[in-house]
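*Asks:* TrEMBL lists His63 with the feature active site, proton acceptor. What TrEMBL records for Asp64, Val67, Gly69, Asp71, Ser73, Glu85 is Ca(2+) 1 binding site. Here TrEMBL flags Pro160 as substrate binding site. Summarising the annotation, TrEMBL assigns heme b binding site to His190. Under the heading Ca(2+) 2 binding site, TrEMBL lists Asp236, Thr239, Asp244. The disulfide bond annotation in TrEMBL covers Cys32-Cys112, Cys65-Cys70, Cys118-Cys312, Cys197-Cys223. The annotation signal peptide is assigned in TrEMBL to 1-21. TrEMBL lists Arg59 with the feature site 'Transition state stabilizer'.
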Amino acid sequence: MTSSFIAIFSLLLLSTMQCHAQLSSTFYDRTCPNALTTIRTSIRQAISRERRMAASLIRLHFHDCFVQGCDASLLLDETPTIVSEKTALPNLGSVRGFGVIEDAKREVEKICPGVVSCADILAVAARDASSLVGGPSWTVKLGRRDSTTASHTVAETDLPGPFDPLSRLISGFANKGLSTRDMVALSGSHSIGQAQCFLFRDRIYSNGTDIDAGFASTRRRQCPQEDQNGNLAPLDLVTPNQLDNNYFKNLRQRKGLLQSDQVLLSGGSTDDIVLEYSNSPRAFASDFAAAMIKMGDISPLTGQNGIIRTVCGAIN
């Protein structure tokens, strides 16, 4: 009994290790050597057209990885047999950049049909997006395959929300194998991008002690108490198009736009990390890159699991 249990446990451990071992930065070196430069060209063009797209692409990878792992399940469109993750509340009307990923996929298909997964294109696009707007770069591990299913339900429950208290943010990331430090570093992606009025309205009209009065007043101009829910505001007023540590400096001035931003500096366990990142661009950049690599490792489909989609929005 004991020996068979040990044997089963060893097999499980081995399969887990193999799963991660199969992700490798050199995965396409022989099968599609120009894949990464092709993706980068496509992403560069998209971000030069619209700088905000960098934030959207990083968020796309993040929202994919937190649901079923980094398997491009988020990209699947609604069909009679698939309930798309795109229509889940955290994604509906806010997740964007699908066309950019499809464009990159189309270019890669021209040079290496049926080789490079949409899941890997998402991971590479997020890295390229970061480096193209002044953020860190990192070596992306490759070899993920694409899912044949989506999980609308998990998207509703597992993605962090803008009203989450600190304890929920910490546990939500821990459930995905990410530390509290990883969570704070990844929150720094809110140094770029924008949020819709209805997501921060309560905060700017709260007259709370955790928000700078002048900042709240500025934000109210574009976000009335009624209507105009979709009006956009930059998550970082100071350098809205630059991925830097300014996000953390804003928190020190009580100028976090979302409740889930400011809660990172609210007398809790993450205060010291916020202060460290606000003082050290290098520490933030290094930890952000490391956390993105870890996030890209969440439950990939490898080997014979999953498929390589021809078009990212549909199963072949």
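The count begins at 1 with the first shown residue.
Placement of Cβ uses the backbone N, Cα and C atoms for every residue, glycine included.
Note: TrEMBL annotation is automatic and uncurated.
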*Asks:* Whose Cβ lies within 8 Å of the mean position of the Cβ atoms of Asp236, Thr239, Asp244, the Ca(2+) 2 site, other than those residues?
*Replies:* Ser191, Ile192, Val238, Pro240, Asn241, Gln242, Leu243, Asn245, Asn246, Tyr247
*Asks:* Around the Ca(2+) 1 site recorded as Asp64, Val67, Gly69, Asp71, Ser73, Glu85, what other same-chain residues have a C-beta within 8 angstroms of the site's C-beta center?
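*Replies:* Close Cβ neighbours, site residues excluded: His63, Cys65, Phe66, Gln68, Cys70, Ala72, Leu74, Ser147, Ala150, Ser151, Ala155.
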*Asks:* Tell me the Cβ neighbour count for Cys197 (disulfide bond), meaning other Cβ atoms within 10 Å of its Cβ, over all protein chains shown.
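*Replies:* Cys197 (disulfide bond) is surrounded by 20 other Cβ atoms within 10 Å.
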*Asks:* Far apart in sequence but close in space: which same-chain residues, 6 or more away, have a Cβ under 8 Å from His63 (active site, proton acceptor)?
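*Replies:* The answer is Leu74, Glu85, Pro90, Asn91, Val95, Ala155, Leu159.
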*Asks:* Hey, how far is Ser73 (Ca(2+) 1 binding site) from Asp244 (Ca(2+) 2 binding site), Cα to Cα, in Å?
*Replies:* 29
*Asks:* Write down the Cα-Cα distance for Cys197 (disulfide bond) and Asp71 (Ca(2+) 1 binding site), rounded and given in Å.
*Replies:* 31
*Asks:* Just going by other Cβ atoms within 10 Å, which of the binding-site residues Asp64, Asp71, Glu85, Asp236, Asp244 has the emptiest spot?
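*Replies:* Relative to the other binding-site residues in Asp64, Asp71, Glu85, Asp236, Asp244, Asp244 has the fewest Cβ atoms within 10 Å.
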*Asks:* Quick check for the class: what is the C-alpha distance, in angstrom and rounded, between Thr239 (Ca(2+) 2 binding site) and Cys112 (disulfide bond)?
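*Replies:* Rounded to the nearest whole number, the Cα-Cα distance is 38 Å.
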*Asks:* Just to verify: the residue among Cys70, Cys223 with the fewest other Cβ atoms within 10 Å, which of the disulfide-bonded residues is it?
*Replies:* Cys223
